[in-house]
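To start, the structure under review is shown below, and the notes come after it.
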Amino acid sequence: MANIVYKLSESEIQHLLQQITFETSQLSPGMKARTKYKQSVINIYNSGKVMFQGKNAEAVAQQLLPDHTTTSKNSSSSNQSSGETLAYNHYNCIGSDEAGSGDYFGPLTVCAAYVSKENVKILKTLGVDDSKKLNDQKIIELAEQLITFIPHSLLTLDNPKYNDRQAIGWSQVKMKAELHNEAIKNVTQKINCNELNYIVIDQFAVRGVYQRYALSSLPYPEKTKFETKGESKSLAIAAASIISRYAFVKHMDHISHKMKQDIPKGASNKVDLIAAQIIDKHGIETLDLISKKHFKNREKAQNLVTKKYK
C-alpha cells in the first residue's frame with residue numbers, strides 16, 4: 001500500500017477540506033480530519049501533515065494537491081546498519097520497547113509495533129527517531145500520527161499492579177519480559193504473519209532470561225532478534241519506543257493534574273524532594289499509588305520528611 005505525506009500550510013489545509021467531504025468528529029488524538037476517497041484514505045493531522053494511503057494514493061494526491069511534490073522520497077543508504085546488525089528497515093518487522101522503567105513516578109508502558117518495509121519511508125518522512133532524542137511535545141505529535149496507521153499493541157502496568165508484582169518477587173526484568181511478549185503476540189494477531197520477517201526487541205535481557213521470564217513462548221522464535229540500542233537500528237523499535245513513551249508522558253500529565261503539582265520524570269534528587277512533599281501533604285500511601293515502591297527515592301523522601309520535623 002502506497003503512503004505519501006505532504007506538509008501543508010493552514011490555508012492549504014482549508015482549501016483541501018473544501019474540495020471533498022471529510023469527517024472531523026470522533027477522530028484519533030492528533031488528527032484534524034479524515035476521509036476515504038477513490039479507494040484511498042486521507043488523514044490530516046494537527047501538525048499540518050497530510051497522509052495519503054492506498055493503491056491510488058499517488059493519483060489522488062496529484063488530483064487534490066497538483067502544486068505539491070511528495071516529501072516521502074526514498075532515503076539513501078541510511079537504511080543500512082553497520083557491523084553484523086541486520087538492515088531491519090529493509091524488512092517487515094515487529095519492534096518492541098518500553099518506557100518508565102527508570103522513572104520513580106509513573107507506570108511501566110510497553111509497546112510492540114509493526115512496520116512494513118513499505119512504511120519505512122513514511123516513518124522517516126514523519127521524523128520517527130529514537131524517543132530519547134525527542135522532547136515530550138514531539139513525542140506526542142509523532143505518536144498521535146503513528147497510532148492511526150501502524151498496527152500496534154500498547155500495554156500499561158500501573159503503579160499498584162507494578163508494586164504488587166514486585167512485592168511477590170517479580171523483578172523489573174520479569175515484568176518487562178511478560179509485557180513485551182504479550183504485546184508482540186497481540187500484534188501478530190493484527191497482521192499477516194506470512195509477511196513478517198523479524199521480531200526485534202530492544203534488549204533488556206539475554207534471550208535465555210527473556211524466555212524464562214516471559215511466561216509464554218516467543219511467538220516466532222526463529223524470527224526473533226534482540227538488539228541493544230535498538231531504536232537506532234530498527235524503525236519498528238523506534239515507533240514502539242515513541243508510542244510507549246507517549247503513553248508514559250500522558251500518564252505523568254494525569255498524575256501531575258491529580259496531585260496539582262508538576263511531577264518530574266527520572267529518579268533524581270528533585271524527585272526525592274517532590275516525593276517528600278507528597279508524603280508531607282498526602283501521606284506515604286498516596287505516594288505509593290503513583291510510584292514504584294522499591295526505588296531508593298522512597299526511602300530518601302522519607303528521610304527528608306523526618307529531618308524536617310526533627
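Heads up, the Cβ atoms here are built off N, Cα and C, so glycines get one too.
What Swiss-Prot annotates here:
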type: BINDING; residues: Asp97, Glu98, Asp202; note: divalent metal cation binding site
type: DOMAIN; residues: 91-307; note: domain 'RNase H type-2'
CB within-chain contacts under 8 A for Asp202 (divalent metal cation binding site), separation at least 6: Gly95, Ser96, Asp97, Glu98, Glu227, Thr228, Lys229, Gly230, Glu231, Ile237, Ala240, Ser241
Those binding-site residues listed as Asp97, Glu98, and which of them has the most Cβ atoms within 10 Å of its own Cβ: Asp97
For Glu98 (divalent metal cation binding site), the three-state class that DSSP assigns: strand
DSSP state at Asp202 (divalent metal cation binding site), helix/strand/coil: strand
